[in-house]
Amino acid sequence: MANVVVIGAQWGDEGKGKITDLLSRSADVVVRYQGGVNAGHTIVVDDKVLKLHLIPSGILYKNTSCLIGSGTVVDPKILLKEIDMLIDNGIDISGLKISSTSHVTMPYHRILDEAMEADRGSNKIGTTGRGIGPTYADKSQRNGIRIRDLLNKERLSDVIEIPLREKNGLLEKIYGIKPLKLEDIVEEYLDYGERLSKHVVDCTRTIHAASKNKKNILFEGAQGTLLDLDHGTYPFVTSSNPISGGACIGAGVGPTLIDRVIGVAKAYTTRVGEGPFPTELQGSINDQLCDRGSEFGTTTGRRRRCGWFDGVIGKYAVSVNGLDCLAVTKLDVLDELDEIQVCIAYDLDGEKIDYFPTNSDELKKCKPIFKKLKGWQCSTADCRKLSDLPENAMNYLRFLAELMEVPIAIVSLGANRDQTIVIEDPIHGPKRALLR
């Protein structure tokens with residue numbers, strides 16, 4: 001038995017959905033522990049493209065229980081759309097469970113999120129506009145609505161009255177937006193609660209029962225390390241903690257329950273929205289990476305910014321998360337390049353540094369110091385074992401492993417499930433990996 005946390009080692013969009021889907025075959029329980037519909041992952045199954053925002057990837061396996069944990073914020077309207085989409089595709093969702101204490105994204109959260117972002121003008125953070133920040137803000141201010149509140153009309157009417165009055169005041173007086181009606185919201189969200197009620201459980205009890213019965217538990221993070229509220233490129237971050245420590249809080253487990261942590265990183269780097277990005281590329285190579293990598297956000301459809309692999313943020317992710325091994329995705333996107341660069345350090349005001357500045361103002365001034373490596377200029381899409389890879393592709397992977405001081409356990413070479421080289425199964429394999 002092994003309990004594994006899967007995290008993003010960059011700015012999100014690393015391909016965690018595919019890796020989680022792959023590992024879910026060996027997992028009994030998959031737990032989403034933070035974030036909301038601002039995250040998205042795409043899974044390709046039998047030529048079907050499935051895009052999920054809240055439901056864990058493990059839902060595709062009928063013997064796997066999928067739990068949306070207490071640290072996640074839930075937009076029930078979108079969740080129900082995902083459920084309907086899965087049912088329409090013939091997927092059994094009986095294993096889906098939702099924590100009764102997950103907080104709910106309400107309509108005023110979405111409206112406020114968009115209004116606040118528009119009001120920032122040139123100082124935009126790059127929010128998805130899905131209401132995630134305001135939902136977490138209400139949670140912190142002890143003014144939030146939880147899933148359990150949607151199951152009782154009297155309770156919902158009572159708990160929504162004060163936050164709605166406050167939000168209507170903001171909407172009307174500051175942003176000039178028409179106030180929302182309590183009765184309409186209560187009616188709509190009671191209906192959502194009724195439809196979701198059969199999936200609602202006590203999150204902590206469910207996970208600990210599985211652990212007691214020696215089940216394999218997979219904890220699925222959303223976004224990435226550099227978007228972490230406390231450890232990312234603040235203020236250009238999300239409103240929760242995607243790092244591995246967030247799994248303990250968001251799922252309600254102690255750190256001793258976690259056996260290993262796997263980080264997912266692209267063979268290059270991308271970022272959506274605003275904020276510093278030291279290795280960002282411009283021109284033809286940026287366009288090539290974007291086009292070959294289909295770098296458009298699952299949630300927003302926004303074009304992602306592309307750059308070379310950044311070993312400085314990679315080492316930071318290893319440290320902050322305590323990574324045991326790495327999954328490198330989208331290696332195939334680099335297939336046509338004759339030369340590939342990797343950032344090994346930064347130049348900050350004339351000083352060479354190999355650490356990650358958590359101050360965004362300092363990070364903006366950092367200039368990448370690159371190591372040049374030879375490309376392989378042939379397709380890797382059909383490679384299924386390490387020995388199939390071109391020599392220069394192997395050299396590239398070895399360099400990344402040495403730079404980050406963590407072994408590589410999985411290499412992804414395309415969107416399909418079978419386009420993967422599993423060097424070691426992080427759940428059933430020994431606690432080591434073969435590619436260093």
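Glycine is treated like the rest: Cβ placed from N, Cα and C.
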Item to check | Candidate from THR128, THR135 that Swiss-Prot assigns to the same IMP site as ASP13, GLU14, GLY15, LYS16, ASN38, ALA39, GLY40, HIS41, ARG142, GLN223, THR238, ARG302 | outcome: THR128
Checklist outcome for this item: Cβ neighbour count (10 Å, all chains) around GLN223 (IMP binding site) is 31
Item to check | Which of ASN38, THR42, THR128, all binding-site residues, has a Cβ with the fewest other Cβ atoms inside 10 Å | outcome: THR42
Checklist entry - Three-state secondary structure of ARG303 (substrate binding site) from DSSP? => result strand
Next on the checklist: Between GLY12, GLY15, which of the binding-site residues has its C-beta surrounded by the fewest other C-beta atoms within 10 Å?
Outcome noted: GLY15
Item to check | Residue with minimal Cβ packing [other Cβ atoms within 10 Å] among the binding-site residues LYS18, ARG304 | outcome: ARG304
Next on the checklist: To the nearest Å, how far is the Cα of LEU413 (GTP binding site) from the Cα of ASN38 (IMP binding site)?
Outcome noted: 26
